[in-house]
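Only one structure is covered here, and it is reproduced in the block below.
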Amino acid sequence: MAEQRTQLETYKSASANYQSQLLGVASKDEAIKCAIGAAENLMEALKLCSDPQEKQDLRSQVKAIFEAAECIKKSDQWKPSAQKSPAHTHPVSKKDEIDLWVAAVAESSNDAATNGFPDFGGPRTALPEPDHALVDISDNTAPSRGAASLQPRLKNQHATNTPPPPKKPQVSSDHYPTGIEETGKDDVFSGLVNLQQRQSTRQSAIQPQPTAQVDTSSSSHTLAENSSSALLDASKVKPSPASVETSLPLYSAVSGGSVTAISTTHVRSQVRRLKDPISSRKLAKREEILLLRSSVVNGFKFPPWDKNPATSEFVLQPESALFTDSRELELSAYQHQFFAGWKRAKDALPPPFMYPVDRDGFGPMMGTSGSIDLVQDAATDCSVVASLCAGIARSERGHDKMLSSLVWPFDQNLGRPVISSNGKYIVRLYFNGCWRRVVVDDHLPVSKTHRLLHVIDRRNPALLWPALLEKAYLKVRGGYDFPGSNSCSDLWTLTGWIPEQIYLQDTDTVPDQLWARLYKAFLYGDVLVTLGTGKMTNRQEKELGLEGQHSYVVLDMRETDYDKIFLVKNPWVEGRGWRGPRPSSAPTLDASSSSEHSIAPVEVPNPHPSTFRIGLDHVVQHFESLYLNWNPGLFRYRQDVHFEWTVEDRATPTGCIITHPQFSFFSKEGGVVWLLLCRHFRDTDGQSHDSSDAFNDGTLQPEKHMHTAGNAPKGFMSVFVCDGHGDRIYIKEAYLESSPYVNTPQTLLRWDADADSTYTIVIDQEELSASAYTFSLSAFSNSTIALEPATSKYPRTKTESGLWTAQTAGGTTSSPRYFENPQYFLDVRQRCSLAILLTSVDHRHPLHVKLVFGLGKRMYKLQSRDVLVDSGDHRSGSAFAELQDLAPGKYTIICSLFEAGKTGDYTLRVDSTADVTLKQLPRDGAGLVSMKLSPVCFGPQVHKVAAPVVPRRLASYIVIARFLRATSPRGTHDLGLLGRSPLRLSIELGRGPERKFLITSEEGEYSNSPAVRSESLNLDPTLVNQGDVWLVLDRLSGPGGPVEEWYEVEIFTDMPQACSVGVWREWDD
């Protein structure tokens, strides 16, 4: 910068030398040569100048010199003016000099044309054409035909790497020309002001304008290390004034999380640019392949950016045609109403409707001396144009040019893109996990009316690079009919800055805290801010002056003792401006800087009505979302991981996340961590927008913008942080932090990590359509971090699938049919740990799973001491139990629903540290013949009932009695399980004191279980020779009061027609 400034001053000094010699040369030809020399050196100085005010000053000088040269050329005779007083050569006072400068600027400015675009008329004075061009039209310092007169496009001009030396005078200073009257010379030379004098005057009046760029590559990680905490709402560290020399208040923190300003001396800042962190994690081979596969989107290939393009890529070879892309981008039916065709940039800019006939001398430019005012018209990409405006506004506040540097060919010395001779341009964009090359030609959609189909600079419609950047982005997103997304997603692709969406209507949004978090960061240039409205009625739009579901850009933020004010721009060319209450401080702020600490406040000369100031409270009230993009250089460390996730075409168990992508995250020093999840754009044929999530990313858009395709939501995704120590987690139960579920391609989670801690990061989704998706997960922190795929504690897995049917859905443990539930034999041969996961896609019925001591057999009774582990309360969709250090043995797993009789499928998964055997046990009565008896009723005074059994064949018998209900005698009240009495079931031979018990339930004990069951018993038909065989049910005692108890009795035999059973009767011994 110092060398460039020295060179600029050298050019200005040489021009001043020419001007001083012009007054004393002896001939008319020498005078013209001196004027041309002075002008050439000023034009070289213009190329190196970056200060807008100084550029305006230099242009006024060039105009005055050209006018002087024209007068000399037209004069019939030349008379040297050596005797003329120096006082008449320049203004006699500072006021005269300023008046001359103002008059020159006013005269060189053109009036605005219709539709908000400046006139493209040619120069008002015919200037002599030198032997070689004075202006490189691609130079960003060249005069613009928007703010001033557009200079003719010059041919055969090539940018040079270093500026040429100042032009030396070619005539002797002792020659005195003749021919011009002294009074005329006074008028002609009055504008030729001494440049050294003018510069010294400007330097004394100029205000410091520090740049908001901080270098973190060395030990001085000023914002990223010392002060990002206040910016990011995290642990606070006071910055070191020695590390940042700035006229801005440094970020600092006080207790309670509020941010205050530490004022510093107002001196020209030397704040250095923040260095973006680069992921230090080595990619696995599958991740490298994934990034390569993700290069194809919408039928176009966008390879990763491995190096800057070579100059040879943009050179038109002899006898070669101009570069043309493989196909043109799509336009909507609405845009086709105005579409006249695709034209090269030289014919498309400035727009043909402005100069439809004579376009000689017109053409595209890559730079402009004034501010840039981009607008959209017939294109529906309001979020894209708002994003471009946000990046440009940042650079116009004194920061680096973050957008124009994305377009190649790029001249590093000039610091801007230049015109490509073969019509090929390469744009650097960040999407699908990395920076990528997007190749476009310079064809632009041209309108047959005044409606424009691409972005344009309202002040300099010949500016080309914004239209190229827009075209490259729309090529990725599907075409010019792209309905728009949200600006933080667009800026993520354009700049690689971290996107964050804040829902202003959320109850957690506190306006003052939000402002405190943003304000200093915005002044430092570390955050880009855009806004989005929600749905509005036509009446609301007219009353407020806002567009419903539309994107706006925040150009500036200002704070007074009474107001917090946004300077907001509507990027639509016909857009309205805010009609609500103006901030009380707005009139004062119109003529003031954004703040006493401002870097370089945005100047809006004669702003369009669609650029307005609005208070913070009205922004929160009337806008739906605040979109932020944060400088990644605020962090010192970054880790990226890329992965694929196939969402199945079936319902997924609620709460089960074992198949979800999971990652282990470690933080060494702790502190602020940001996790950014990005869903990649997938490839389509480029024609079907409905299937393209690049074109239709799920963001809701206004109906009036839905010209080509519908815009249904694409599903939602979120990020969870769990205390899983880097191991895979089975169910989404307890988590530390989570991001909101969003239907946009990115979601951000911010949280504070503890030092020396390892967490499990879980990716979740809802309603994503069945497909294979690819993602990138990025972690940002100022602590040393590590991000890797999560590991499983249990390397071995066994899985069984089954169904709950009407016969096997036994309900909870309180149900008499509980033991009819599916049960599994688990054989553990060596000591291990295991996890049991029971899932079902039927979310209506809560699940439960138990591991019990069952010797691998089917359970028919259960006590609390038998239960090793269970899943706790019943859960919808999934149930999980985990047990450490399980001894070898044979166990039983019981899978149940909350309600008996409900049906559905299920999957049982057992993960373990050692090999185990898992198989389903046959259901109760499987392979046996069932005989259901008539229900048994115990009257209020009845305690024992019996039914005669007559064996017909030798068979094995199993008898089960299940409690049905307990009611009042007339059945008016159901007492439920409270009316149940302890019960015993037996098969007896004979009656009275001599009777013989063949088998009893519970070894003769009364059971309080809702189901009572006998073991297997073989009955021989010859037993009837010894006496009658009776099936007896005996309850211990009545529950008290007039209560009837009903039981269901079922007999299983291994032979058909094995016996006959009589009717139930009251029984006594």
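Cβ coordinates come from backbone N, Cα and C, glycine included.
Taken verbatim from TrEMBL:
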- Cys382: active site (ACT_SITE)
- His550: active site (ACT_SITE)
- Asn570: active site (ACT_SITE)
- 197-230: compositional bias 'Polar residues' (COMPBIAS)
- 583-595: compositional bias 'Low complexity' (COMPBIAS)
- 299-632: domain 'Calpain catalytic' (DOMAIN)
- 113-185: region 'Disordered' (REGION)
- 197-237: region 'Disordered' (REGION)
- 579-604: region 'Disordered' (REGION)
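The structure, with features from TrEMBL marked on it.
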| residue | record | Cβ neighbours (10 Å) |
| --- | --- | --- |
| Cys382 | active site | 27 |
| His550 | active site | 24 |
| Asn570 | active site | 29 |
Nearest-integer angstrom distance between the alpha carbons (Cα) of Cys382 (active site) and His550 (active site): 7
Pairwise CA distance, Asn570 (active site) versus His550 (active site), rounded so that it is a whole Å: 9
Mean of pLDDT values spanning the domain 'Calpain catalytic' (299-632): 89
